[in-house]
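Step one of this worksheet: look at the structure below.
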Amino acid sequence: METLAILGATGSIGQSTLSVVRQHPERFSVFALSANHNVRVMLKDCLEFAPRYAVMVDEHAAQQLKAELKHHNSATCVLSGSHALCDVAKEPEVTSVMAAIVGAAGLLSTLAAVQAGKRVLLANKEALVMSGELFIDAVHQYGAELLPIDSEHNAIFQCLPHELQQNPGRGSLSAAGVSKILLTGSGGPFRYTPISDLQAVTPAQAIDHPNWSMGPKISVDSATMMNKGLEYIEARWLFNAAPEQLQVLVHPQSVIHSMVQYSDGSVLAQLGQPDMMTPIAHALAYPARIASGVAPLDFCTLGDLSFMAPDMARYPCLQLAMDACASGQGATTALNAANEITVAAFLAGQLNFMGIAEVNDAVMQTLGAHSVNSIDEIIALDNQARTCASALIRTY
Ligand code: NAD
Ligand code: MG
(Lines of atoms letter the chains of each structure in order from A and count residues from 1; the text may use other names and numbers.)
(Lines give C-alpha, C1' and ligand atoms only; values in the text may rest on other atoms or scores of the structure.)
(Ligands and ions follow the chains in the order given, each with its own letter.)
Protein backbone atom coordinates (compact mmCIF):
# COMPACT_ATOMS: atom_id res chain seq x y z
CA MET A 1 0.00 0.00 0.00
CA GLU A 2 1.39 3.41 -0.98
CA THR A 3 0.51 6.26 1.39
CA LEU A 4 0.22 9.58 -0.42
CA ALA A 5 0.58 13.25 0.35
CA ILE A 6 -0.89 15.23 -2.54
CA LEU A 7 0.35 18.83 -2.53
CA GLY A 8 -1.77 21.05 -4.79
CA ALA A 9 -4.68 18.60 -4.55
CA THR A 10 -7.34 21.03 -5.80
CA GLY A 11 -5.49 21.85 -9.04
CA SER A 12 -5.57 20.18 -12.41
CA ILE A 13 -2.78 17.65 -11.60
CA GLY A 14 -4.05 17.11 -8.05
CA GLN A 15 -7.55 16.27 -9.30
CA SER A 16 -6.18 13.94 -12.02
CA THR A 17 -4.10 12.21 -9.33
CA LEU A 18 -7.20 11.64 -7.21
CA SER A 19 -9.00 10.27 -10.29
CA VAL A 20 -6.29 7.60 -10.66
CA VAL A 21 -6.19 6.91 -6.90
CA ARG A 22 -9.99 6.49 -6.85
CA GLN A 23 -9.64 3.55 -9.28
CA HIS A 24 -7.18 1.67 -7.01
CA PRO A 25 -8.35 1.81 -3.38
CA GLU A 26 -6.45 -1.41 -2.60
CA ARG A 27 -3.18 0.14 -3.75
CA PHE A 28 -3.18 3.77 -2.53
CA SER A 29 -4.33 5.56 0.59
CA VAL A 30 -4.45 9.33 0.95
CA PHE A 31 -2.65 10.62 4.06
CA ALA A 32 -2.67 14.36 3.30
CA LEU A 33 -4.18 16.79 0.82
CA SER A 34 -3.18 20.43 0.43
CA ALA A 35 -4.56 23.52 -1.29
CA ASN A 36 -4.09 27.25 -1.22
CA HIS A 37 -7.68 28.36 -0.53
CA ASN A 38 -10.24 26.27 -2.45
CA VAL A 39 -12.53 25.10 0.39
CA ARG A 40 -15.27 23.70 -1.84
CA VAL A 41 -13.09 21.17 -3.68
CA MET A 42 -11.04 20.36 -0.58
CA LEU A 43 -14.17 19.59 1.44
CA LYS A 44 -15.51 17.25 -1.24
CA ASP A 45 -12.16 15.40 -1.44
CA CYS A 46 -11.72 15.18 2.34
CA LEU A 47 -15.17 13.59 2.65
CA GLU A 48 -14.38 11.09 -0.13
CA PHE A 49 -10.75 10.16 0.72
CA ALA A 50 -10.73 10.79 4.50
CA PRO A 51 -7.09 11.94 4.72
CA ARG A 52 -5.44 12.27 8.15
CA TYR A 53 -4.50 15.89 7.31
CA ALA A 54 -5.86 18.66 5.09
CA VAL A 55 -3.56 21.65 4.70
CA MET A 56 -5.05 24.98 3.66
CA VAL A 57 -2.28 27.53 3.25
CA ASP A 58 -4.75 30.38 3.66
CA GLU A 59 -5.71 30.78 7.34
CA HIS A 60 -9.24 32.01 6.69
CA ALA A 61 -9.90 29.08 4.31
CA ALA A 62 -8.53 26.69 6.94
CA GLN A 63 -11.05 27.97 9.50
CA GLN A 64 -13.88 27.56 7.01
CA LEU A 65 -12.81 24.01 6.12
CA LYS A 66 -12.50 23.10 9.81
CA ALA A 67 -16.08 24.21 10.46
CA GLU A 68 -17.41 22.34 7.42
CA LEU A 69 -15.58 19.12 8.32
CA LYS A 70 -16.85 19.30 11.90
CA HIS A 71 -20.37 19.68 10.57
CA HIS A 72 -19.86 16.44 8.58
CA ASN A 73 -18.29 14.59 11.56
CA SER A 74 -15.04 14.16 9.62
CA ALA A 75 -11.91 13.05 11.52
CA THR A 76 -9.58 14.91 9.12
CA CYS A 77 -7.31 17.36 10.95
CA VAL A 78 -6.94 20.79 9.30
CA LEU A 79 -3.56 22.52 9.32
CA SER A 80 -2.76 25.97 7.95
CA GLY A 81 0.24 27.96 6.75
CA SER A 82 2.90 27.07 4.20
CA HIS A 83 5.15 25.39 6.81
CA ALA A 84 2.44 22.72 7.21
CA LEU A 85 3.06 21.71 3.57
CA CYS A 86 6.62 20.72 4.52
CA ASP A 87 5.42 19.01 7.72
CA VAL A 88 2.99 16.67 5.96
CA ALA A 89 5.48 15.96 3.15
CA LYS A 90 7.98 14.73 5.77
CA GLU A 91 5.56 12.58 7.83
CA PRO A 92 7.07 9.11 8.37
CA GLU A 93 3.89 7.32 7.25
CA VAL A 94 3.97 9.02 3.83
CA THR A 95 5.67 6.94 1.14
CA SER A 96 4.99 9.11 -1.94
CA VAL A 97 4.55 12.84 -2.35
CA MET A 98 2.80 14.29 -5.40
CA ALA A 99 4.43 17.72 -5.80
CA ALA A 100 1.70 19.52 -7.77
CA ILE A 101 1.69 23.06 -6.39
CA VAL A 102 2.11 25.60 -9.18
CA GLY A 103 5.16 27.86 -9.26
CA ALA A 104 7.88 28.77 -6.78
CA ALA A 105 5.32 28.32 -3.98
CA GLY A 106 6.01 24.58 -4.32
CA LEU A 107 9.79 24.78 -3.88
CA LEU A 108 10.20 24.24 -0.14
CA SER A 109 7.60 21.48 0.24
CA THR A 110 8.99 19.61 -2.78
CA LEU A 111 12.49 19.87 -1.30
CA ALA A 112 11.15 18.75 2.10
CA ALA A 113 9.82 15.59 0.45
CA VAL A 114 13.20 15.00 -1.19
CA GLN A 115 15.04 15.57 2.10
CA ALA A 116 12.73 13.08 3.81
CA GLY A 117 13.79 10.47 1.21
CA LYS A 118 10.31 10.01 -0.24
CA ARG A 119 9.23 8.82 -3.65
CA VAL A 120 8.68 12.26 -5.20
CA LEU A 121 6.29 12.54 -8.13
CA LEU A 122 7.44 15.81 -9.64
CA ALA A 123 4.84 17.95 -11.44
CA ASN A 124 6.10 21.24 -9.94
CA LYS A 125 8.71 21.89 -12.65
CA GLU A 126 9.38 25.41 -11.31
CA ALA A 127 11.04 23.88 -8.21
CA LEU A 128 13.61 22.11 -10.37
CA VAL A 129 14.07 25.16 -12.64
CA MET A 130 14.95 27.23 -9.57
CA SER A 131 17.07 24.81 -7.59
CA GLY A 132 18.32 22.33 -10.26
CA GLU A 133 21.74 21.25 -9.01
CA LEU A 134 20.89 21.54 -5.30
CA PHE A 135 17.70 19.56 -5.92
CA ILE A 136 19.51 16.70 -7.71
CA ASP A 137 22.24 16.69 -5.04
CA ALA A 138 19.54 16.38 -2.35
CA VAL A 139 17.84 13.50 -4.21
CA HIS A 140 21.10 11.54 -4.01
CA GLN A 141 22.10 12.67 -0.53
CA TYR A 142 18.76 11.68 1.03
CA GLY A 143 18.05 8.65 -1.15
CA ALA A 144 14.80 10.03 -2.58
CA GLU A 145 13.23 8.47 -5.65
CA LEU A 146 12.37 10.95 -8.40
CA LEU A 147 9.65 10.24 -10.96
CA PRO A 148 8.71 12.88 -13.53
CA ILE A 149 5.02 13.69 -13.98
CA ASP A 150 5.42 16.30 -16.71
CA SER A 151 4.19 14.30 -19.72
CA GLU A 152 7.32 14.97 -21.80
CA HIS A 153 9.74 14.02 -19.03
CA ASN A 154 7.66 11.02 -18.10
CA ALA A 155 7.79 9.98 -21.78
CA ILE A 156 11.57 10.47 -21.92
CA PHE A 157 11.98 8.54 -18.65
CA GLN A 158 10.00 5.65 -20.14
CA CYS A 159 12.23 5.66 -23.25
CA LEU A 160 15.52 5.64 -21.29
CA PRO A 161 17.36 2.50 -20.15
CA HIS A 162 16.80 1.26 -16.60
CA GLU A 163 20.21 2.40 -15.31
CA LEU A 164 19.45 6.00 -16.24
CA GLN A 165 15.96 5.80 -14.71
CA GLN A 166 17.63 4.77 -11.44
CA ASN A 167 20.17 7.61 -11.49
CA PRO A 168 18.29 10.91 -11.86
CA GLY A 169 20.41 13.82 -13.03
CA ARG A 170 23.68 11.91 -12.68
CA GLY A 171 23.76 9.25 -15.41
CA SER A 172 25.67 9.61 -18.68
CA LEU A 173 23.37 9.84 -21.71
CA SER A 174 26.23 9.26 -24.15
CA ALA A 175 27.55 6.20 -22.26
CA ALA A 176 24.02 4.76 -22.53
CA GLY A 177 24.08 5.34 -26.30
CA VAL A 178 21.64 8.27 -26.23
CA SER A 179 22.48 10.90 -28.83
CA LYS A 180 19.54 13.25 -28.32
CA ILE A 181 16.39 13.91 -26.31
CA LEU A 182 13.60 15.22 -28.54
CA LEU A 183 11.30 17.37 -26.41
CA THR A 184 7.96 17.84 -28.17
CA GLY A 185 5.37 20.58 -27.63
CA SER A 186 2.11 21.44 -29.36
CA GLY A 187 3.01 25.08 -30.02
CA GLY A 188 -0.09 26.17 -28.09
CA PRO A 189 -3.24 27.91 -29.32
CA PHE A 190 -1.40 30.61 -31.32
CA ARG A 191 0.91 28.51 -33.46
CA TYR A 192 -0.83 29.66 -36.67
CA THR A 193 -1.85 33.18 -35.49
CA PRO A 194 -0.05 35.96 -37.44
CA ILE A 195 2.72 37.25 -35.15
CA SER A 196 1.43 40.82 -35.61
CA ASP A 197 -1.91 39.75 -34.05
CA LEU A 198 -0.34 38.27 -30.89
CA GLN A 199 -0.23 41.68 -29.18
CA ALA A 200 -4.04 41.67 -28.97
CA VAL A 201 -4.81 38.10 -27.86
CA THR A 202 -6.89 37.80 -24.67
CA PRO A 203 -6.36 35.67 -21.54
CA ALA A 204 -9.44 33.59 -22.47
CA GLN A 205 -7.88 32.79 -25.88
CA ALA A 206 -4.49 32.03 -24.29
CA ILE A 207 -5.81 29.52 -21.77
CA ASP A 208 -7.92 27.72 -24.37
CA HIS A 209 -5.30 25.05 -25.14
CA PRO A 210 -6.07 22.95 -28.24
CA ASN A 211 -5.04 19.56 -26.74
CA TRP A 212 -4.57 19.69 -22.96
CA SER A 213 -6.75 20.82 -20.06
CA MET A 214 -4.48 22.48 -17.45
CA GLY A 215 -4.28 25.20 -14.79
CA PRO A 216 -4.21 28.86 -15.98
CA LYS A 217 -0.48 29.53 -15.43
CA ILE A 218 0.82 26.54 -17.39
CA SER A 219 -1.79 27.21 -20.10
CA VAL A 220 -0.39 30.71 -20.68
CA ASP A 221 3.13 29.25 -20.52
CA SER A 222 2.10 26.83 -23.28
CA ALA A 223 0.87 29.69 -25.44
CA THR A 224 4.22 31.54 -25.10
CA MET A 225 6.15 28.24 -25.12
CA MET A 226 7.77 29.37 -21.87
CA ASN A 227 6.41 26.02 -20.70
CA LYS A 228 8.69 24.26 -23.20
CA GLY A 229 11.53 26.50 -22.06
CA LEU A 230 10.96 25.54 -18.41
CA GLU A 231 10.76 21.91 -19.55
CA TYR A 232 14.06 22.28 -21.44
CA ILE A 233 15.66 23.36 -18.13
CA GLU A 234 13.79 20.58 -16.30
CA ALA A 235 15.14 18.00 -18.80
CA ARG A 236 18.65 19.40 -18.46
CA TRP A 237 18.57 18.58 -14.71
CA LEU A 238 16.49 15.39 -14.70
CA PHE A 239 18.51 13.69 -17.43
CA ASN A 240 21.92 15.37 -17.06
CA ALA A 241 21.59 16.61 -20.65
CA ALA A 242 24.02 18.98 -22.38
CA PRO A 243 22.57 21.62 -24.76
CA GLU A 244 23.56 19.58 -27.83
CA GLN A 245 21.64 16.61 -26.38
CA LEU A 246 18.34 18.53 -26.19
CA GLN A 247 16.15 19.51 -29.12
CA VAL A 248 12.72 21.14 -28.98
CA LEU A 249 10.24 20.09 -31.68
CA VAL A 250 6.76 21.44 -32.35
CA HIS A 251 4.33 18.54 -32.76
CA PRO A 252 0.82 20.01 -33.01
CA GLN A 253 -1.16 16.79 -32.37
CA SER A 254 0.37 16.03 -28.89
CA VAL A 255 0.22 12.28 -29.59
CA ILE A 256 3.95 11.68 -29.20
CA HIS A 257 4.87 13.03 -25.77
CA SER A 258 8.64 13.09 -26.44
CA MET A 259 11.35 10.83 -27.87
CA VAL A 260 14.86 9.56 -27.27
CA GLN A 261 17.26 9.14 -30.18
CA TYR A 262 20.04 6.55 -29.86
CA SER A 263 23.46 6.46 -31.51
CA ASP A 264 22.48 3.49 -33.71
CA GLY A 265 19.73 5.59 -35.34
CA SER A 266 16.85 4.13 -33.29
CA VAL A 267 14.28 6.57 -31.93
CA LEU A 268 12.06 5.48 -29.04
CA ALA A 269 8.86 7.44 -28.47
CA GLN A 270 6.06 7.31 -25.91
CA LEU A 271 2.60 7.89 -27.37
CA GLY A 272 -0.78 8.28 -25.77
CA GLN A 273 -3.85 10.45 -25.38
CA PRO A 274 -3.06 13.97 -24.12
CA ASP A 275 -4.30 13.15 -20.62
CA MET A 276 -2.15 13.60 -17.51
CA MET A 277 -3.70 10.54 -15.87
CA THR A 278 -1.32 8.40 -17.99
CA PRO A 279 1.98 9.80 -16.64
CA ILE A 280 0.43 10.06 -13.16
CA ALA A 281 -0.57 6.37 -13.18
CA HIS A 282 2.87 5.45 -14.54
CA ALA A 283 4.69 7.28 -11.75
CA LEU A 284 2.31 6.18 -8.99
CA ALA A 285 2.74 2.49 -9.81
CA TYR A 286 6.29 2.43 -11.25
CA PRO A 287 7.68 -0.07 -12.14
CA ALA A 288 4.25 -1.77 -12.32
CA ARG A 289 1.58 -0.72 -14.81
CA ILE A 290 -1.96 0.06 -13.68
CA ALA A 291 -5.12 1.28 -15.38
CA SER A 292 -5.32 5.08 -15.55
CA GLY A 293 -8.83 5.49 -16.94
CA VAL A 294 -7.43 6.96 -20.17
CA ALA A 295 -8.87 5.62 -23.43
CA PRO A 296 -6.44 3.69 -25.64
CA LEU A 297 -5.06 5.37 -28.76
CA ASP A 298 -6.89 4.35 -31.92
CA PHE A 299 -4.30 4.44 -34.71
CA CYS A 300 -6.95 4.04 -37.41
CA THR A 301 -8.51 7.41 -36.52
CA LEU A 302 -5.37 9.23 -35.39
CA GLY A 303 -4.66 11.12 -38.61
CA ASP A 304 -1.31 12.61 -39.55
CA LEU A 305 1.47 13.39 -37.13
CA SER A 306 3.55 16.43 -38.04
CA PHE A 307 6.71 18.06 -36.71
CA MET A 308 8.50 21.37 -37.19
CA ALA A 309 11.23 23.47 -35.64
CA PRO A 310 9.95 26.18 -33.26
CA ASP A 311 9.95 29.70 -34.70
CA MET A 312 11.82 31.78 -32.12
CA ALA A 313 10.27 35.04 -33.39
CA ARG A 314 6.87 33.62 -32.43
CA TYR A 315 8.12 32.16 -29.14
CA PRO A 316 10.74 34.55 -27.67
CA CYS A 317 10.15 33.07 -24.18
CA LEU A 318 11.49 29.72 -25.38
CA GLN A 319 14.73 31.35 -26.50
CA LEU A 320 14.98 33.25 -23.19
CA ALA A 321 14.69 30.00 -21.25
CA MET A 322 17.30 28.23 -23.38
CA ASP A 323 19.66 31.17 -22.89
CA ALA A 324 18.96 31.18 -19.13
CA CYS A 325 19.73 27.46 -18.98
CA ALA A 326 23.11 28.11 -20.58
CA SER A 327 23.81 31.01 -18.14
CA GLY A 328 23.07 29.10 -14.93
CA GLN A 329 20.92 28.81 -11.84
CA GLY A 330 20.65 32.56 -11.15
CA ALA A 331 19.32 33.20 -14.64
CA THR A 332 16.77 30.38 -14.52
CA THR A 333 15.56 31.48 -11.07
CA ALA A 334 15.19 35.12 -12.16
CA LEU A 335 13.40 34.14 -15.38
CA ASN A 336 11.01 31.79 -13.59
CA ALA A 337 10.09 34.43 -11.01
CA ALA A 338 9.67 37.19 -13.61
CA ASN A 339 7.48 34.89 -15.66
CA GLU A 340 5.18 34.13 -12.71
CA ILE A 341 4.63 37.87 -12.28
CA THR A 342 4.17 38.64 -15.99
CA VAL A 343 1.76 35.73 -16.52
CA ALA A 344 -0.31 36.82 -13.50
CA ALA A 345 -0.33 40.41 -14.87
CA PHE A 346 -1.41 39.17 -18.31
CA LEU A 347 -4.22 37.11 -16.77
CA ALA A 348 -5.30 40.17 -14.75
CA GLY A 349 -5.41 42.33 -17.91
CA GLN A 350 -2.43 44.49 -16.83
CA LEU A 351 0.02 43.39 -19.52
CA ASN A 352 -0.45 42.39 -23.15
CA PHE A 353 0.62 38.97 -24.42
CA MET A 354 3.90 40.06 -26.05
CA GLY A 355 4.69 42.07 -22.90
CA ILE A 356 5.24 38.77 -21.08
CA ALA A 357 8.42 38.09 -23.08
CA GLU A 358 9.50 41.74 -23.11
CA VAL A 359 9.34 42.13 -19.32
CA ASN A 360 10.87 38.69 -18.75
CA ASP A 361 13.74 39.71 -21.03
CA ALA A 362 14.24 43.02 -19.21
CA VAL A 363 14.39 41.25 -15.83
CA MET A 364 16.94 38.83 -17.26
CA GLN A 365 19.08 41.75 -18.49
CA THR A 366 19.04 43.19 -14.94
CA LEU A 367 19.37 40.06 -12.78
CA GLY A 368 20.27 37.17 -15.08
CA ALA A 369 23.99 37.21 -14.27
CA HIS A 370 23.53 36.67 -10.50
CA SER A 371 24.96 33.47 -9.11
CA VAL A 372 23.16 31.53 -6.39
CA ASN A 373 24.64 28.86 -4.14
CA SER A 374 21.98 28.05 -1.58
CA ILE A 375 18.21 27.83 -1.23
CA ASP A 376 18.23 31.11 0.74
CA GLU A 377 20.04 32.87 -2.11
CA ILE A 378 17.61 31.36 -4.63
CA ILE A 379 14.62 32.62 -2.64
CA ALA A 380 16.20 36.09 -2.27
CA LEU A 381 16.83 36.31 -6.02
CA ASP A 382 13.30 35.04 -6.73
CA ASN A 383 11.92 37.90 -4.59
CA GLN A 384 14.18 40.45 -6.26
CA ALA A 385 13.08 39.33 -9.73
CA ARG A 386 9.41 39.57 -8.71
CA THR A 387 9.92 43.13 -7.46
CA CYS A 388 11.81 44.06 -10.62
CA ALA A 389 9.12 42.57 -12.90
CA SER A 390 6.29 44.27 -10.98
CA ALA A 391 8.04 47.65 -11.22
CA LEU A 392 8.55 47.22 -14.98
CA ILE A 393 4.90 46.27 -15.49
CA ARG A 394 3.74 49.42 -13.67
CA THR A 395 5.68 51.60 -16.12
CA TYR A 396 4.76 49.52 -19.16
P1 NAD B 1 -3.40 24.55 -10.94
O2 NAD B 1 -3.36 26.03 -10.97
O3 NAD B 1 -4.54 23.84 -11.56
O4 NAD B 1 -3.31 24.04 -9.40
C5 NAD B 1 -2.33 24.53 -8.55
C6 NAD B 1 -2.45 23.93 -7.16
O7 NAD B 1 -1.46 24.57 -6.34
C8 NAD B 1 -3.80 24.16 -6.48
O9 NAD B 1 -4.13 23.04 -5.69
C10 NAD B 1 -3.55 25.37 -5.59
O11 NAD B 1 -4.37 25.39 -4.43
C12 NAD B 1 -2.10 25.16 -5.20
N13 NAD B 1 -1.42 26.43 -4.91
C14 NAD B 1 -1.41 27.55 -5.68
N15 NAD B 1 -0.70 28.52 -5.09
C16 NAD B 1 -0.27 28.02 -3.91
C17 NAD B 1 0.49 28.55 -2.84
N18 NAD B 1 0.96 29.82 -2.85
N19 NAD B 1 0.76 27.74 -1.78
C20 NAD B 1 0.29 26.48 -1.75
N21 NAD B 1 -0.45 25.92 -2.73
C22 NAD B 1 -0.73 26.69 -3.80
O23 NAD B 1 -2.01 24.05 -11.56
P24 NAD B 1 -1.72 22.70 -12.39
O25 NAD B 1 -2.03 22.92 -13.81
O26 NAD B 1 -2.28 21.53 -11.67
O27 NAD B 1 -0.12 22.64 -12.29
C28 NAD B 1 0.55 22.25 -11.11
C29 NAD B 1 2.01 22.02 -11.44
O30 NAD B 1 2.10 20.90 -12.35
C31 NAD B 1 2.69 23.19 -12.16
O32 NAD B 1 4.01 23.29 -11.73
C33 NAD B 1 2.64 22.79 -13.62
O34 NAD B 1 3.71 23.34 -14.37
C35 NAD B 1 2.79 21.28 -13.52
N36 NAD B 1 2.22 20.56 -14.66
C37 NAD B 1 0.88 20.63 -14.91
C38 NAD B 1 0.34 19.96 -16.00
C39 NAD B 1 -1.14 19.99 -16.27
O40 NAD B 1 -1.60 19.30 -17.18
N41 NAD B 1 -1.94 20.74 -15.54
C42 NAD B 1 1.18 19.22 -16.84
C43 NAD B 1 2.54 19.16 -16.55
C44 NAD B 1 3.06 19.83 -15.47
MG1 MG C 1 4.67 19.19 -20.11
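The backbone N, Cα and C atoms fix where each Cβ goes, and this holds for glycine too.
Under the heading NADPH binding site, TrEMBL lists T10, G11, S12, I13, N38, N124, E126, G215. The 10 Å shell around the Cβ of E126 (NADPH binding site) contains 29 further Cβ atoms across the protein chains shown.
Residues annotated as 1-deoxy-D-xylulose 5-phosphate binding site in TrEMBL: K125, S151, E152, S186, H209, S222, N227, K228, E231. On its own chain, H209 (1-deoxy-D-xylulose 5-phosphate binding site) has S186, G188, P189, S219, S222, A223 as residues at least 6 apart in sequence with a Cβ closer than 8 Å to its own Cβ.
Using a 10 Å radius centred on the Cβ of D150 (Mn(2+) binding site) and all shown protein chains, the other Cβ atoms total 26. The Mn(2+) binding site annotation in TrEMBL covers D150, E152, E231.
The feature domain '1-deoxy-D-xylulose 5-phosphate reductoisomerase N-terminal' is assigned by TrEMBL to 4-132.
With DSSP states grouped into helix (H, G, I), strand (E, B) and coil, the domain '1-deoxy-D-xylulose 5-phosphate reductoisomerase C-terminal' (146-239) comes out at 45 helix, 11 strand, 38 coil. For 146-239, the entry in TrEMBL reads domain '1-deoxy-D-xylulose 5-phosphate reductoisomerase C-terminal'.
Summarising the annotation, TrEMBL assigns domain 'DXP reductoisomerase C-terminal' to 271-387. In terms of DSSP helix, strand and coil, the domain 'DXP reductoisomerase C-terminal' (271-387) has 68 helix, 2 strand, 47 coil.
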Rounded Cα-Cα span from K125 (1-deoxy-D-xylulose 5-phosphate binding site) to G11 (NADPH binding site), Å: 15
Whole-number Å value for how far K125 (1-deoxy-D-xylulose 5-phosphate binding site) lies from T10 (NADPH binding site) (Cα to Cα): 17
Sequence-distant neighbours of I13 (NADPH binding site) in its chain (C-beta under 8 A, six or more apart): M98, A100, A123, I149, G215, M276, I280
Rounded Cα-Cα span from N124 (NADPH binding site) to N227 (1-deoxy-D-xylulose 5-phosphate binding site), Å: 12
Between D150 (Mn(2+) binding site) and N124 (NADPH binding site): CA-CA distance (Å): 8
